[in-house]
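Below is one structure, written out as structure tokens; the observations come after it.
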Amino acid sequence: MASGADSKGDDLSTAILKQKNRPNRLIVDEAINEDNSVVSLSQPKMDELQLFRGDTVLLKGKKRREAVCIVLSDDTCSDEKIRMNRVVRNNLRVHLGDVISIQPCPDVKYGKRIHVLPIDDTVEGITGNLFEVYLKPYFLEAYRPIRKGDIFLVRGGMRAVEFKVVETDPSPYCIVAPDTVIHCEGEPIKREDEEESLNEVGYDDIGGCRKQLAQIKEMVELPLRHPALFKAIGVKPPRGILLYGPPGTGKTLIARAVANETGAFFFLINGPEIMSKLAGESESNLRKAFEEAEKNAPAIIFIDELDAIAPKREKTHGEVERRIVSQLLTLMDGLKQRAHVIVMAATNRPNSIDPALRRFGRFDREVDIGIPDATGRLEILQIHTKNMKLADDVDLEQVANETHGHVGADLAALCSEAALQAIRKKMDLIDLEDETIDAEVMNSLAVTMDDFRWALSQSNPSALRETVVEVPQVTWEDIGGLEDVKRELQDLVQYPVEHPDKFLKFGMTPSKGVLFYGPPGCGKTLLAKAIANECQANFISIKGPELLTMWFGESEANVREIFDKARQAAPCVLFFDELDSIAKARGGNIGDGGGAADRVINQILTEMDGMSTKKNVFIIGATNRPDIIDPAILRPGRLDQLIYIPLPDEKSRVAILKANLRKSPVAKDVDLEFLAKMTNGFSGADLTEICQRACKLAIRESIESEIRRERERQTNPSAMEVEEDDPVPEIRRDHFEEAMRFARRSVSDNDIRKYEMFAQTLQQSRGFGSFRFPSGNQGGAGPSQGSGGGTGGSVYTEDNDDDLYG
């Protein structure tokens with residue numbers, strides 16, 4: 001039942017975004033008739049709207065744009081569509097497939113005079129009289145309706161010229177009759193000024209926050225457009241909206257879009273600009289802004305960076321800030337009832353704003369504009385790429401899935417980076433010195449998926465800029481052996497990120513974390529890196545000792561910050577290396593500054609529990625002293641799975657050697673299996689060291705032989721004409737034999753016994769290996785070895801002391 005209610009509530013919250021179906025709402029379609037003043041409808045639709053052929057109609061498009069046209073009937077047009085050509089579409093700021101409304105406009109007067117100006121780049125190099133060649137034939141006997149602000153295109157004399165209607169009398173629209181005076185004197189209009197008004201932001205240019213847009217629309221547009229609604233129901237319309245969220249999510253953009261779409265007077269106050277050095281002037285600046293807005297109501301006042309002018313009063317030492325906050329409070333209370341002034345503010349630090357501002361009646365609605373999810377990111381990418389030339393192989397959905405934690409600004413940067421990369425590929429054809437670039441080159445430019453791939457590798461989300469989150473370049477192939485551990489990790493991290501639907505189906509929240517423990521040099525850190533790389537999650541690595549600082553309370557704040565960042569960039573893997581340095585058992589360590597270490601542990605414990613389940617944040621801890629870690633961290637729900645990473649057995653050692661030597665040329669007669677057999681008890685790091693040393697020896701030999709050959713060439717130039725082979729083409733057996741002389745085991749048997757004991761005690765405390773349900777359902781056999789049983793049974797079952805590395 002609850003889910004039904006939820007879905008209903010969901011529908012209501014975005015109800016304002018739905019287009020209402022009315023007979024005069026029509027879908028824009030491409031025109032057959034190329035005339036700029038004509039739109040065509042189907043005959044049944046014209047009858048329904050009571051229009052006749054040749055009537056003047058008023059069309060309303062996006063961003064409050066209007067146009068007047070003559071309507072004709074067209075039998076090929078379907079009932080719900082309206083055909084209009086590109087000029088009309090541009091004047092209405094609509095694209096094909098958008099919805100516009102149409103209404104009859106019977107009282108259009110004949111114009112006394114109109115003033116049109118050409119747009120500069122379309123009249124370059126044209127000689128002769130513009131009026132005679134273009135305007136006169138265009139308007140002759142046509143009785144065209146025009147509206148102030150329209151741009152129309154006239155073809156004639158081999159060229160097409162665009163004109164803009166600057167003024168009409170009577171305003172704002174009229175019909176150009178034969179006796180209308182047409183002025184076309186004056187400077188041509190610059191294209192740039194036109195483009196700017198074309199690039200106004202509308203709701204279509206905002207992706208990834210549908211719900212928030214709906215909230216803002218009902219808070220801003222309803223009171224401004226239909227104040228009677230609120231009067232009828234007897235409540236005061238809301239006064240203020242506070243938009244908050246991480247930087248780059250589009251707070252200022254939303255405010256701009258609202259201003260453009262509502263057509264309200266928009267007054268922008270940038271926080272820091274109000275401040276003035278003269279006493280009392282900062283407040284009067286604020287007062288002036290509010291007075292100005294009230295004069296021009298309906299109006300929207302937008303305060304950007306609110307935290308700059310309204311910080312908490314008890315925290316600030318400056319007298320000016322306090323007075324400004326008080327002034328803002330009184331102004332917002334004293335906005336005359338229904339003065340149709342709405343105050344919007346944006347900040348990315350909502351908690352540093354004076355609490356008096358956040359009560360009802362001032363900023364009563366706080367809209368959290370968060371980091372977009374995958375569908376939101378797809379919307380944003382589509383908006384940014386709608387003017388880009390994309391190759392056919394570009395899969396924006398995949399790009400959206402791979403950009404976890406990116407906000408709108410990051411995605412915009414990603415698109416421009418990809419486009420730049422596409423240009424770089426053609427750089428050999430482009431000459432900077434040339435005046436123009438070949439049209440061929442221009443037309444061949446297209447952004448491919450590879451360009452996006454490259455841009456993806458370059459960009460990281462802005463939420464994580466200071467903790468540089470690199471997805472490591474380590475794959476499963478770099479890790480030899482440890483098959484069971486890899487499986488376990490995939491279950492833990494990859495599945496919740498890649499198949500969240502399965503977890504919903506079985507009603508399970510994914511587990512939060514794992515602890516790797518085992519002797520040093522067995523690849524604990526490497527595993528964590530590989531898992532972050534495999535599932536394309538963000539990866540924050542935290543070195544234990546770095547969290548502790550000398551200042552009181554700072555260490556805990558560091559922990560909080562790290563967890564906040566991880567939540568913002570979810571899915572994210574938090575990797576605590578050397579966990580034992582910050583999570584020692586509490587109470588034992590006397591003498592550290594006021595129990596700082598204990599407080600850090602407490603902070604970590606609360607953060608792990610309080611990690612909201614919606615976010616995919618995983619914690620991986622690694623330690624080689626599991627015995628001194630606080631037991632509270634090891635309980636299920638925090639680090640539920642304890643995975644013992646043993647010394648590699650023979651098979652794993654072969655795999656490690658192979659993984660290490662993947663990129664090196666090795667002689668055929670080097671028997672890695674024999675090498676693995678001989679290195680019993682060596683950890684992964686020790687084996688890597690052997691390989692490195694063998695490589696070093698080969699490199700040294702190669703360099704020395706080159707020097708020797710160079711000397712011989714100098715002493716006897718004639719004899720050395722013959723080009724010799726490379727003296728050391730690959731790593732030979734003797735290099736490995738030499739390297740083995742220096743090889744040593746870094747982990748003693750004693751250490752291993754300690755780990756074995758720890759693993760064994762864990763095993764005993766959860767040893768329900770023989771658990772079976774009573775015989776009714778023979779099928780359900782219990783898990784082979786307690787729920788989190790480490791890496792296969794082999795490690796624990798062998799009792800003989802000789803073979804500790806099974």
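Here the Cβ of each residue, glycine as well, is placed from N, Cα and C on the backbone.
According to Swiss-Prot, the N-acetylalanine annotation covers A2, on the basis of similarity to another entry. According to Swiss-Prot, the feature phosphoserine maps to S7, S462, S770, S775, S787 (among others). What Swiss-Prot records for K8, K18 is SUMO2 cross-link. Annotation comment: Swiss-Prot describes P247, G248, T249, G250, K251, T252, L253, N348, H384 as ATP 1 binding site, evidence class similarity to another entry. Here Swiss-Prot flags K315 as N6,N6,N6-trimethyllysine, drawing on similarity to another entry. Residues annotated as phosphothreonine in Swiss-Prot, with similarity to another entry given as evidence: T436. Marked as N6-acetyllysine by Swiss-Prot: K502, K505, K754 (among others). The ATP 2 binding site annotation in Swiss-Prot covers G521, C522, G523, K524, T525, L526. Under the heading N6-succinyllysine, Swiss-Prot lists K668, citing similarity to another entry as support. The region 'Disordered' annotation in Swiss-Prot covers 708-727, 768-806. For 777-793, the entry in Swiss-Prot reads compositional bias 'Gly residues'.
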Structural state of H384 (ATP 1 binding site), classified by DSSP into three states: helix
Least surrounded among the binding-site residues, given as L253, C522, when other CB atoms within 10 Å are counted: L253
Candidate with the highest Cβ count within 10 Å, taken from the binding-site residues P247, G521, G523: G523
Cβ neighbour count (within 10 Å, all chains shown) around K502 (N6-acetyllysine): 11
Distant-in-sequence Cβ neighbours of T436 (phosphothreonine), under 8 Å, six or more positions away: none
ATP 2 site, defined by G521, C522, G523, K524, T525, L526: further same-chain residues with Cβ within 8 Å of the Cβ centre: F516, G518, P520, L527, A622, I645, G684, A685
Minimum Cα separation from H384 (ATP 1 binding site), reported as the residue among recorded positions K18, K502, K524, L526 that achieves it: K18
Lowest local Cβ density (other Cβ within 10 Å) among recorded positions: T249, S775: S775
K505 (N6-acetyllysine) and C522 (ATP 2 binding site), distance between Cα atoms, whole Å: 37
Pairwise CA distance, K251 (ATP 1 binding site) versus K18 (SUMO2 cross-link), rounded so that it is a whole Å: 22
Winner by Cβ contact number (other Cβ atoms within 10 Å) across the recorded positions K18, H384, K524: K524
Under 8 Å by Cβ from the residue listed as 'N6,N6,N6-trimethyllysine', same chain, sequence gap 6 or more: S352
Spatial neighbours, same chain, of T525 (ATP 2 binding site) - Cβ under 8 Å, 6+ residues apart: F575, D577, A622
Using Cα positions only, nearest of the binding-site residues to S462 (phosphoserine) (T249, L253, G521): T249
Proximal residue to L526 (ATP 2 binding site) among recorded positions K18, T249, K505, K668 (C-alpha distance): K668
